[in-house]
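To start, the structure itself, in structure tokens.
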Amino acid sequence: MTIMRKTHPLMKMVNHAFIDLPTPSNISGWWNFGSLLGLCLIIQIASGLFLAMHYTPDTMTAFSSVTHICRDVNYGWLIRYMHANGASLFFICLYLHIGRGIYYGSYSYMETWNIGIILLFLTMATAFMGYVLPWGQMSFWGATVITNLLSAIPYIGTDLVEWIWGGFSVDKATLNRFFAFHFILPFIIAAMAMVHLLFLHETGSNNPLGIPSDCDKIPFHPYYTTKDFLGIILLLAFFFTLVLFFPDLLGDPDNYSPANPLNTPPHIKPEWYFLFAYAILRSIPNKLGGVIALVLSILILALLPHIQTAKQRSLMFRPISQFLFWLLVSDVLVLTWIGGQPVEPPFIIIGQIASLLYFTIILAFMPIAGLIENKMLKW
């Protein structure tokens, strides 16, 4: 008798992806973040769907509709805070996932890596548009400042900004279209995640040693389903602690004031997960230069496979590159801190040094370290 999961057309796909998938026997907990990102996406789509049932994308009623959700809808406060903190959780997992990819050289799988970068851009776009929807002070001014950056594009900039706004300022048309895009993009992200998995399963997973593991593979189920389940339990414990005890920890108090175009907040800043890129943007005095640096701060990830000089894939046995990696992590944390500070000394110069260091580590120090390590190993 044939096993149904191996013959049924639909179940066969699930089987090849999650049950009988040959997986390296030595992948660590750092490989859990892919499945955790899938869980975050499910939480966001589910909670977002229920929020959309009660939300109205209109400048006059958007803020009060969010208040209505929190006060009058059954467990509306819970759904709202799950959605808001779910975004933070999504980005925590996302950055850890990318960090693991850099540390263990997973960027060698070019297709998977490039789809991942597209996923990062899509997620950032979705999160930005979602932040505009509650129509608080930081929603309005964040939308105004960030969309205005496009006006730095030569010749077409101003027209492009007005086209995105649907008028001459951020208004009802902007809010309406942002809601439409914010609703559809997570489904596009889900589809792209499938493509991400498809390309990954073409090559098989990387492993901490960064060496081929064809001789030592084990089935995904039950070994890694159990391991993923442990990750999911820990993630949910952290998530619900955040949602139920510290729901406003990562938010901005300014967003509890309704949007007012006549009153600018003292410090306009995006959510915490964009602060590192925002700090890079602010560290360049020129508007166009800042926008280019902002885009390159993410797009630079696409260069990693092309500027790798080391003969070893993983950083596991490369102490110089390891030091540079953790220096890069520290630098991103410094940039995140600077992004939330006002534009005044000494924060300006700290931000400029940290921004320069960010690009220098990736473009110069890491490739040079790879060559030095090759020499040390007489390769």
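Easy rule for this one: first residue shown is 1, then count along the chain.
In case you wondered, yes, glycine gets a Cβ from its N, Cα and C as well.
Taken from Swiss-Prot, the feature heme b b562 binding site covers His83, His182. Residue density at His83 (heme b b562 binding site): 21 other Cβ atoms are found within 10 A of its Cβ, drawing on all protein chains shown.
Sequence annotations record features per position, and here Swiss-Prot assigns heme b b566 binding site to His97, His196. Shown in sequence order, Phe33, Gly34, Leu37 are the residues of the chain, 6+ apart in sequence, with a C-beta less than 8 angstroms from the C-beta of His97 (heme b b566 binding site).
In sequence order, His16, Ala17, Leu21 are the residues near His201 (ubiquinone binding site), counting only same-chain partners six or more apart with C-beta under 8 A. The ubiquinone binding site feature in Swiss-Prot is assigned to His201; the stated evidence is similarity to another entry.
Same-chain residues lying 6 or more positions outside the transmembrane segment (33-53) and placing a CB less than 8 Å from one of its CB atoms are 69, 79-80, 82-83, 86-87, 89-90, 93-94, 96-97, 100, 182-183, 186-187, 189-190, 193, 228, 231-232, 235, 239. If you look up Swiss-Prot, you'll see 33-53 (among others) marked as transmembrane segment.
What Swiss-Prot records for 77-98 (among others) is transmembrane segment.
Sequence-distant neighbours of the transmembrane segment (113-133) (same chain, 6+ residues past either end, Cβ-Cβ under 8 Å): 55, 57, 62, 66, 87, 90-91, 94, 98, 101, 106-107, 139-140, 142-143, 146, 170, 174-175, 178-179, 181-182, 185-186, 188-189, 192-193, 195-196, 199, 270-271, 273-274, 298-299, 301-302, 304-305. Residues or ranges marked as transmembrane segment by Swiss-Prot on the basis of similarity to another entry: 113-133 (among others).
Swiss-Prot lists 178-198 (among others) with the feature transmembrane segment, giving similarity to another entry as the kind of evidence.
Same-chain residues lying 6 or more positions outside the transmembrane segment (226-246) and placing a CB less than 8 Å from one of its CB atoms are 29, 32-33, 35-36, 39, 43, 78, 81-82, 85-86, 88-89, 93. The transmembrane segment annotation in Swiss-Prot covers 226-246 (among others).
As annotated by Swiss-Prot, transmembrane segment applies to 288-308 (among others).
What Swiss-Prot lists as transmembrane segment is 320-340 (among others), and the listing cites similarity to another entry.
Per Swiss-Prot, transmembrane segment is recorded for 347-367 (among others).
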Between the stretches 77-98, 320-340, 347-367, which wins on the count of C-beta pairs under 8 angstroms to the transmembrane segment (288-308)?
347-367
Could you give the Cα-Cα distance between His182 (heme b b562 binding site) and His196 (heme b b566 binding site), in whole Å?
21
Using a Cβ cut-off of under 8 Å, list the residues of the same chain at least 6 residues beyond the transmembrane segment (77-98) that approach it.
30, 33-34, 36-37, 40-41, 43-44, 47-48, 50-51, 66, 69-71, 116, 120, 123, 127, 130, 235, 238-239, 242-243, 247, 250-251, 271-273, 301
